[in-house]
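**Student:** Below you will find the structure I want to go over with you.
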């Protein structure tokens, strides 16, 4: 960083200009009891961008509002409803495509291998059967890994990335068409390849990509296909559609439209209070969501999109599998079937009040198991980032093949050797509808009899040598008993292999592996209670379901949405209370040890994710303690050479529009008071940028950059003490050219003195980098000899035409523009951005920033001067903790 005067990313301590890391003291690296000294070496925090959810109400936008009438408004709403419906339909078709080919490849693989096993069991050539299974699995996994090499973002479930996007962080490549193709094809091969992964998580990511791309009618992967679609050209609209697509993905995966809607709120939406979720559950059915405009617009669209996805998938799957189009018997990719006691067992009940005690204990155990799973997976992820990711990409493929090899061998050997022959049950649960009949047929047809005599089955092979969905149905609905030893071995092996698998370079979901692992745990508890304690009323399927909920809740830490998803998947409303109790207990238990798996992977990626709220002790800090006073700003009328210099030498995405004019204000000093517009302020209460910077420079704690510290130290050493100068009086004595005729020849420079750099500035608005680049590209400027009224005007559509990929200032040829020409940015800036006072408590700053979806929050003092700016990085947990420690040290 020698010679670099670039600004530092507040969260990750990276220099934005030269890209080098700024080292921190060990005291600053201790977060949540963990020393991040080793973690920072392998987990570099990246400079993620934020989304612009706040609406910029500038002149072009007001012109659109002026021309808006009822007819145009109804047309806009109609187009939005049609787009939402199209997103749901496309998401359902994506799920249909994945399900069809997964079934096709899985049936082909197991059909060939099972035939070989039956023949080789008598001839003694089981090694050949193992080689056949290895050939299928390794081929499929190799193809899935190659697709991830094409688009690395396609790896994993995609839920952490979608959560970051909905939280307001722009993750590169997360919603691209190429990501969707690699994700869909990759999860198809990874599931068919026998890995312990699910397709439900990637379905949520796929729905989000569809929601992001479909309303744009363009893709960077298909540059030649362009449609002139003037609607939804902002991050605000795009994020709403991404949220609807995520909800549609959940609905397609589980057949749970309401659960999908709540999932997009609980796991994704940044502008939602979790305390209001129960109100939404009540109001969703009554369609009376009238709390705020954000809620009123978001929930109906997401719910309608989820319904569309469920309808589409249900329609085609029912027609393909049952041959009866329009029967709507298969609502989602994962269906649990009907839970019903056998007619021959009169003592059986789905659950009783006494069982709630067992469910609470299972929730505690599920939380402990989930915390253990997350801890092990986090260590594996760190190991991969330290030893696998820095190496050539081929190493990632080899790791995936190694996991596939070990998984295949374990599955084959366990199915052949570790299973027990169990007696088949004579009773069967035959429902009245074709769907339940299909479930019963799936349960009976998936029973494996490897090396077992007639009327018996191999319980381990029945669980391992089947698709995961079939194994779940076995644990939920198989009347015959599974050996406790088999269930325990299956749980341990599946737990370890699933933990190892999640995080390798293949598209992989976590819902189905967690459900299957938890179902084995629940079935084991039911066997123990029935066989060793003598509780004959217990229904094993209920305990398997509660075990699945406990383990899944302990891993992902979801409560409300997961409850509704499981209720809709089982179609049994009486399970609402036990599932909710189990999930809450599992979440509380797991949260005592670590975070949910998605939050852990978000943290490993270094994403500046904002939590729901700050801790109470953070109110000891104020906005002035966390803001950035070293600003880069523009003037209302600035020469092109100054704008180009600013854009090419900084990486900021918004700039305050300021003036140094005090001529239009009547202010004077009298004693120790500042009188401005007949309002009295104490002189000591007026915070200035120069004073704040001087205080931070003296404390040597705010700016870790040695260059900036040295600059401040040299300046302080060469001047008189701060007590002998009156910065406020100097500020009031200055007179500058009146606004709006200010167009200085020089942009703010690093060579300026302290007083020049931190001079008093009156805030007039905010303008984005993308807006400035658009003005330069389109030649919006006027000459010094002309009036600003002669400057060309751009419409709202022209300003948003290049969305979402605006030109890079470094790639533009601006030689045709006269550098002495002037740009009037006032018509295009946001004249009324949200602002806070320097004395605002951090909790209030945090709530305003998160609730309104802001990207930049100016800090303005009592006389209208901007004294700093707050971004997402200033509100992360790590940054606030560091500031709080500094606060304690200065007390």
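Here the Cβ of each residue, glycine as well, is placed from N, Cα and C on the backbone.
Here the structure is a predicted model, which means the values were calculated and not measured.
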**Student:** Would you mind telling me which of 440-460, 461-481, 482-502 TrEMBL tags as transmembrane segment?
**Tutor:** 482-502
**Student:** So which of 81-106, 126-150, 356-376, 397-418, 482-502 is most in touch with the transmembrane segment (538-556), counting Cβ pairs under 8 Å?
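**Tutor:** That would be 356-376.
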**Student:** Using DSSP, tally how many residues of the domain 'CBS' (829-890) sit in helix, strand and coil.
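**Tutor:** Here the numbers are 28 helix, 15 strand, 19 coil.
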**Student:** Against the transmembrane segment (126-150), which of these stretches has the most C-beta pairs under 8 Å: 81-106, 241-263, 356-376, 397-418?
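**Tutor:** Between the stretches 81-106, 241-263, 356-376, 397-418, 397-418 has the largest tally.
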**Student:** Among 81-106, 356-376, 397-418, which stretch has the most Cβ pairs under 8 Å to the transmembrane segment (241-263)?
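**Tutor:** Comparing 81-106, 356-376, 397-418 against the transmembrane segment (241-263), the winner is 81-106.
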**Student:** At a C-beta cut-off of under 8 Å, are there same-chain residues at least 6 beyond the transmembrane segment (397-418) that contact it? List them, or none.
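**Tutor:** For the transmembrane segment (397-418), the list is 117, 126, 129-130, 133-134, 137-138, 141-142, 144-146, 149, 193-196, 384, 388, 448, 450-451, 458, 460-461, 464-465, 486, 489-490, 493, 497, 500-501, 504-506.
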**Student:** Limited to the domain 'CBS' (829-890), I'd like the whole-number average of pLDDT.
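**Tutor:** Here the mean pLDDT over the domain 'CBS' (829-890) amounts to 88.
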